[in-house]
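Down below is the structure, laid out as structure tokens.
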Amino acid sequence: MTMMDMNFKYCHKIMKKHSKSFSYAFDLLPEDQRKAVWAIYAVCRKIDDSIDVYGDIQFLNQIKEDIQSIEKYPYEHHHFQSDRRIMMALQHVAQHKNIAFQSFYNLIDTVYKDQHFTMFETDAELFGYCYGVAGTVGEVLTPILSDHETHQTYDVARRLGESLQLINILRDVGEDFDNERIYFSKQRLKQYEVDIAEVYQNGVNNHYIDLWEYYAAIAEKDFQDVMDQIKVFSIEAQPIIELAARIYIEILDEVRQANYTLHERVFVDKRKKAKLFHEINSKYHRI
């Protein structure tokens, strides 16, 4: 195993640890593509964790500087400051793919702002956040998952990322409240007459369910729009993207089956993932 192979393996371990659903799906890509996904995922994870986990603004600055070095001089040797193994893997990807570096910087800017979290006044602010933390990831992955990326390809990948982030929010309402965060907008909380603290303490009510389903309907519509345009991605990537997205959309039904609980994180079990795998395998005859 070469040193570069070890770098990609390290990135893969990060992805498997933090997103079993993504790993389950994207590990089925051809080798070069899946390695690129591992590297990009690992970079995005380190960006996300720099503040939330490490509480280290300097580490986030180092990540940004390392990415800028790769963008400016992709073929030069660099003394990376953040995580050398991840950055070497990213540099290798950047030498072969047209990486949308600005999307990395947009993600970093969102993480900077997230240090001083305040509730969103409107849904427009919430959806802007979903772009910043996840739509950006879709943009960065676009050259890996398509043969000839176009404006439409970037738009579809961006919308998929935003949809998956909204599903994360719908899954983690209670966990986020424990961490003193409410991502639903004040505008929509007022409209549906919902107080998350009250729901957390006293249990789910019809107002909360209506609010939750309002956002779920948005995520489901975006998911369907992506599925309707999935052919913008490469033939190899189409079944993989559909598998990852369908595993994620299944989370919404898991929340429903758990009676919208705020006190337990739901997940899609291996049996259901395997069922989705076989359904999509039959559809595409490829995986």
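Just so you know, glycine gets a Cβ as well, placed from its N, Cα and C.
Features reported for this protein in Swiss-Prot:
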type	residues	note
BINDING	H18, S19, K20, S21, Y41, R45, R171, Y248	(2E,6E)-farnesyl diphosphate 1 binding site
BINDING	R45, Q165	(2E,6E)-farnesyl diphosphate 2 binding site
BINDING	D48, D52	Mg(2+) 1 binding site
BINDING	N168, D172	Mg(2+) 2 binding site
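Projection of Swiss-Prot feature records onto the structure.
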| residue | record | DSSP class |
| --- | --- | --- |
| H18 | (2E,6E)-farnesyl diphosphate 1 binding site | helix |
| R45 | (2E,6E)-farnesyl diphosphate 1 binding site | helix |
| D52 | Mg(2+) 1 binding site | helix |
| Q165 | (2E,6E)-farnesyl diphosphate 2 binding site | helix |
| D172 | Mg(2+) 2 binding site | coil |
| Y248 | (2E,6E)-farnesyl diphosphate 1 binding site | helix |
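Using Cα positions, the member of the binding-site residues D48, D52, Q165 nearest to R171 ((2E,6E)-farnesyl diphosphate 1 binding site) is identified as Q165.
When the binding-site residues H18, S19, K20, R45, D48, Y248 are screened for a Cα within 10 A of the Cα of N168 (Mg(2+) 2 binding site), the ones that qualify are Y248. Counting only residues at least six positions away in the same chain, the Cβ atoms of R45 sit under 8 Å from the Cβ of H18 ((2E,6E)-farnesyl diphosphate 1 binding site). Comparing C-alpha positions, S21 ((2E,6E)-farnesyl diphosphate 1 binding site) sits nearest to Q165 among the binding-site residues D48, D52, Q165, D172. By neighbour count, meaning other C-beta atoms within 10 Å, the densest spot among the binding-site residues K20, R45 is R45. A simple Cβ count within 10 Å picks out one of the binding-site residues S19, S21, Q165 as the most packed, and that one is Q165. In sequence order, R265 are the residues of the chain that are 6 or more apart from D172 (Mg(2+) 2 binding site) and have a CB within less than 8 Å of its CB. Over all protein chains present, the Cβ of D52 (Mg(2+) 1 binding site) has 11 other Cβ atoms lying within 10 Å. With a 10 A radius on its CB, Y248 ((2E,6E)-farnesyl diphosphate 1 binding site) counts 23 other CB atoms from all the protein chains.
Annotated pair Y41 ((2E,6E)-farnesyl diphosphate 1 binding site) and D48 (Mg(2+) 1 binding site), C-alpha to C-alpha distance, rounded: 10 Å.
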